[in-house]
Amino acid sequence: MRAPDNPVFAKGDVLLAVENVSLGFGGVKALTDVSFDIRKSEIRAIIGPNGAGKTSMLNCINGFYYPTEGRITFKGVKRPKMRPYEAARGGIARTFQNVALFKSMSTLDNIMAGRSIKMHSNFFWQLFRHGPAMKEEVEHRRFVEEIIDFLEIQHIRKTPVGRLPYGLQKRVELGRALAMEPELLLLDEPMAGMNLEEKEDMSRFILEVNQQYGTTIALIEHDMGVVMDLSDRVVVLEYGRKIADGTPSEVKGDQRVIDAYLGVAH
Amino acid sequence: MLYREAGQFKTNYVADSAIFPLRQDRIGLGLIIIAAYALAFLGNSFLLQAVMIPFLVFSLASIGLNILTGYTGLLSLGTGAFMGVGAYACYKLMTAFPEVNVIVWIFVSGFFSAAIGALFGLPSLRIKGFYLAVATLAAQFFLQWCFIRIPWLVNYNVSGALDAPLRTLFGTPIMGPNATPQTRYLVVLTIVILLTWLASNLVHGRIGRMWIAIRDMDLAAELMGIRPLQTKLLAFAVSSYYCGVAGALLVFLWYGGAEYDVFNINQSFFILFMVIIGGLGSLIGSFFGAALIFILPIVLGIVLPAIMSPFGISVGADVIEHLRFMIVGALIIFFLIVEPHGLARLWQIGKQKLLVWPFPY
Ligand SMILES: Nc1ncnc2c1ncn2[C@@H]1O[C@H](COP(=O)(O)OP(=O)(O)OP(=O)(O)O)[C@@H](O)[C@H]1O
Ligand SMILES: [Mg+2]
């Protein structure tokens, strides 16, 4: 992706705008005319019942799917049709609803893999594992160790991630996304399947990332308590449509949201 | 000396990122390399010519295929053909420019198979697994057709075969009829050690992580900003480079001459079996696989008749040949079912056990 004409995005500016986005799979409409925005340095929750289209929305934002209608503007530039790796290079990182780690690699290598785009030493130096290649390897290792310390996963540094319990895998996946130093971090149900203690840890990490580095976060989460605690603003989807948008307390009081969650028939 | 981690604390990331962080491993590796060179002076011609040279050549080809199939997860059945490209390229180069040392041409010939490999790797962006295997099969048959039908490749030799011309290094013949098994072994050994070291550097760094990322979870890899096509094509190119050099070594430093037939589909499968049995995604496994599939039958051929003759049973060459296929087949099934990570995994487990021995854990 081309860098925009270098505007500095201050806290509160619109970082990503979704305008009238629709997405269809054959006959199924996963998203219908959805518009919302994500502002710099906020935590934006996306909630809704199962099948509401939350994951599909993230997939549109990072280029897995291309919306059938509507447009997405990132950092003030309307995005051309782009591949996920271009979105990644543009500063969008993500974790998955079902953990998608490189399961044969260790925790360390998974997070190092997240730094691939930041590493530039050429093939020749890579062949000899010397000079710039080794210097770079060590530099990035240092950065990765900071992430490992931050996420408190020092003890599993060299463990192949396939052998880790689910909660830790989710944590490593967050680490891998953080290694990309993203401007926009998309988290798809980062706390699904965790116990209370693990959820508290994860909430703390998300808040700290947001506060310390000013990373903008879009968060899909089913646990309402977590959503209310963490997020600045919430967008609510149901059957692929946006039914509410606002601060947690506004959304919580919205009759349509209450109906959607209680399963009231329309 | 005990095999222990204790007391070896890593004080910096350079040491901790070393490929062999354990001192005992480094010493072991050094001893193996010394022994391999010593073998050139201790071993007899049969051992060097019929066992060690082919073992090294197949190990190199297995490393090549392992980079593609083991590390990057792209199944290829074109290994034989990619080896062939290296051999034919080497032949053309060294006969066209005989004044340049042949060692140079052996290394350069790999670039030709790298280019051809990358070309046939293009479909890998769109197709995977079984379908990609079929696409590489097309490469296998197309290239083999070229080897047969383009007489220019063998300088219009009436026999249609490749032959090893006399070539020297520092005045000593290293190729052709006058080259002794000893010198050829030394050349092959040095090339294989060098290329193995380079491969090891690659797979342990950024590029290796990108390959494994593509293998383990290609969608997530793409989300890390890893370009799938470039990464896969690089794997095809590097893999084919290794196969190409192995092909050149096979014809000119082992056989001393060969026809197109040595690069057929059987060769592709032969190398694939070595990679599977040795361990997908392991360099040392490539050596184990080559040893097991190539050397084991030779050992059986010597040992079986010796065991059987006291009982009055004579074991003929044909029986050995049948046994060889049966044993290799059984081993493949065994490894696919019991230990999909191959001998390399067993080796690792063994080392883990040794680290804590005599305690169970
Ligand atoms: N690749 C696809 N092909 C066809 N239909 C799809 C595809 N991806 C999603 N859908 C459909 O789109 C709708 C929205 O799915 P999505 O996964 O976005 O929901 P979600 O809000 O993330 O749900 P959950 O809370 O269960 O994760 C569903 O009806 C789903 O079946
Ligand atoms: Mg979902």
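Using N, Cα and C of the backbone, Cβ positions are placed for all residues, glycine too.
Listed in TrEMBL for this protein:
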type     : residues  : note
TRANSMEM : B:27-48   : transmembrane segment
TRANSMEM : B:55-82   : transmembrane segment
TRANSMEM : B:102-122 : transmembrane segment
TRANSMEM : B:129-152 : transmembrane segment
TRANSMEM : B:185-203 : transmembrane segment
TRANSMEM : B:233-255 : transmembrane segment
TRANSMEM : B:267-284 : transmembrane segment
TRANSMEM : B:291-313 : transmembrane segment
TRANSMEM : B:325-344 : transmembrane segment
Contact check, the transmembrane segment (B:129-152) vs the transmembrane segment (B:55-82), 3+ Cβ pairs under 8 Å, seq sep 6+: yes
Cβ-Cβ under 8 Å with the transmembrane segment (B:291-313): same-chain residues at least 6 beyond its ends: 50-51, 54-55, 58-59, 270, 273-274, 277-278, 320, 323-324, 327-328, 331, 343
Of B:27-48, B:55-82, B:267-284, B:325-344, whichever stretch has the most CB pairs under 8 A to the transmembrane segment (B:233-255): B:55-82
Contacting positions for the transmembrane segment (B:102-122) when only residues 6+ beyond its ends and CB under 8 Å are counted: 74, 78, 82-83, 85-87, 89-90, 93-94, 135-136, 138-139, 143, 167, 169, 174-175, 187, 191, 232-245, 247-249, 252
Long-range environment of the transmembrane segment (B:27-48) - Cβ separation under 8 angstroms, sequence gap at least 6: 1, 20, 180-182, 184-186, 189, 193
